[in-house]
Structure formats: C-alpha cells, structure tokens
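I have placed the structure first, in the form of structure tokens, so that the comments after it can refer back to it.
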Amino acid sequence: MYGSTDDSEPAAFRKAEKKYKLYYDNTRKKKQQPRPVDLSEVIDFKSISESYHRNGGLPSGIFRIQCDFDSPVFCLASHPGFYFIPGALPVEEQCRWIKESLTSFPQPPNRTNHNAIYGTLQDLFAAAKDNKVLIHEEQFRGTNNSEVEIIQNDTNVPSWNFLDQSDALSRGVTCRSVPASVLLRKLRWSTLGLQFDWSKRSYNISLPHNKIPDALCLLAERMAAPTLPLGEAFHAEAAIVNYFGLGDTLGGHVDDMEKDWNKPIVSMSLGCKGIFLIGGRSREIPPLAMFVRSGDVILMAGQARECFHGVPRIFTDREHAEISSLELKFSDEEHSAFLEYIRTSRININIRQVF
C-alpha cells in the first residue's frame, strides 16, 4: 500500500477498504468461511448497461457519453475525467492478454517483484506448469588435494535456476529451493515499456526495456479516445501489470508520476471480478465502490488522476467470480494451466503515456 493511515481513527478511504476486504469468521483453515459483506452500495455498471439498453434510463449521478464503441461509455458526475466501459474487451481478447500477462510480460528485461530477491527469472509460467523448482545453488568441485574449490573465478557467487524436481534432488549441491508454482502465485507485478523504479517512485529510462507490444499499444490508443480532444493521440509508453490472488488488495494510492495528467491511465481488468474504489484528493473523502469484471476498462484522466483509488477485494468463488466465458475458452487441455490460474486470480493492465 502506498502511504499509511492511523488505524485508531481510520480515514474514510481506509474505512471503505476495511468494509470490503476479505475477512474470515473462523480462524481454523479447514473451516474458514468468508465473512458476509454488504454489497448493496457497490455500483454495478453491467446492470446499469443492461437497464440502459432496455429503457434508456440511468441512475442519478451517472451519464453516458457518445462514442463509437460497441459498449457504452459511462461517467460519474462526481468524478470528472473518470470513464467506465463495461465489457469493452471481447472474451477472445481477454484470453489473449491473460496469456500474454502470464507468459510474455514477466519476461526479462521486464521487471517483476521477484527481481529484488531472485534476479531475472526466465519462463516462470512454463516452469510452474512443468512443476519445476527454483534452485539457489553454489556449485563446487573437488580439487586434486581433496579441498573444495568454488567455480566462477574463485568467488562464491550463487545463482538461481529452474530445475526438474528429480534433478534438484539428485544434484550434489548446497541449495535452497522454491517451487515455481509458489513464485507464480507470489507474482504481484510486472512492468512493460519504460521501467518504473519502485524505490524512487519514478521512471528510470536507463533500465533495459522492450517496447510495449504494438497490439497492446493500438488497443490502449483506441480505448483512450473518449478522454481526448478530437485528433489528439494517446501514446502507450509504459504499463504496470498487477496480479491478484485470493485475499490480495491494492491499497489506496494516486498515480502521479506521469508528466501530463490530461492523458489517461487505461486500466484493463481480466479474470475474477473485483471491487474498485475511487475517492477524492485525500483519503478523508469517502470513495465510491464499483464492481470490475473481466473485460471492463476504466479510464482516468484530468481531475480523476488526482483521486485516490484502489482494489480492496477480488471474488474467487464460483458464485461471484463471473468468469464462465473464460472457463469455456480455456477448457481444452492446451489451456488448462491458464484456466487453473485465472479461476482464482485477477489481472489488471494499467497503460500510461509517460512524457
């Protein structure tokens, strides 16, 4: 979470986070039951869109802008610069970016939260699929006089490598190991394009990076159009991909590191349904809560860029996750690993114009 608040007197944003966060009534793991949560105040743009198509009516404080999209683009009167596009991405496109988010986006030179401990990890998703383990090893060989000589220019330099479990057990090495499946579940973010330095909260243009894939750039440019004057373009230069599992949250924060706040953040939701909060310029302002489903797109530009926002909850149970269309697309054997992951996960791709 960015920043902190005094839990003895929590600010309005923190109260909302606590309200929707996943808690359990029973502390014994085998009998844990999610504590019921009141969702009556959560805005449901899917239902609003369905009602709008039936009778043309909209709730107070919500309006629609005219745009050349298949899905309606809704705005909040209380939050200028905020746009919500329910079902903006067809299921085929959702599947494409889920697969890219797991296989391509965490690949070096893109950085992930694992870099600080393990350095660059190649093919994490494939390693998890193949039940490999990450080995931290110091390789040794015996010398002629039976002493131990460390390879790698006589310096004790550990390395991390993915190995089959049988190979790891059979190696005569001193090592620590972590299952690749555990590392995949602990993947929290990856960065595309210009790399973000989390320690300094700024972009570091000197870090090696690949350009954001053209297809994702074009998609972001098309999605950003409702926020921009006619003829003005959005240039995707950086993206942060967030990965959520059961119980994971994204604390209230403001994305303020880009030069031009009139250019939007394009935020694409994939996987399990979640709750998104958007408040005001301080945590003291009570936020609005809304459901975000797979395929929804949120745009934040102008004044909305100054608002605290976050994700206090995702739903992974079959009743509330609402991923049946993804399950159908990933039902064949070839995509079983993607299905297993997305059944209990949410992915969010946030695309920005930096300069």
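All positions are counted from 1 along the displayed chain.
Glycine is treated like the rest: Cβ placed from N, Cα and C.
Copied over from TrEMBL, here are the features:
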type    : residues         : note
BINDING : H253, D255, H309 : Fe cation binding site
DOMAIN  : 235-355          : domain 'Fe2OG dioxygenase'
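Positions of TrEMBL features highlighted on the structure.
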residue	record	Cβ neighbours (10 Å)
H253	Fe cation binding site	14
D255	Fe cation binding site	17
H309	Fe cation binding site	25
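Mean model confidence of the domain 'Fe2OG dioxygenase' (235-355) amounts to 96 (pLDDT, 0 to 100 scale).
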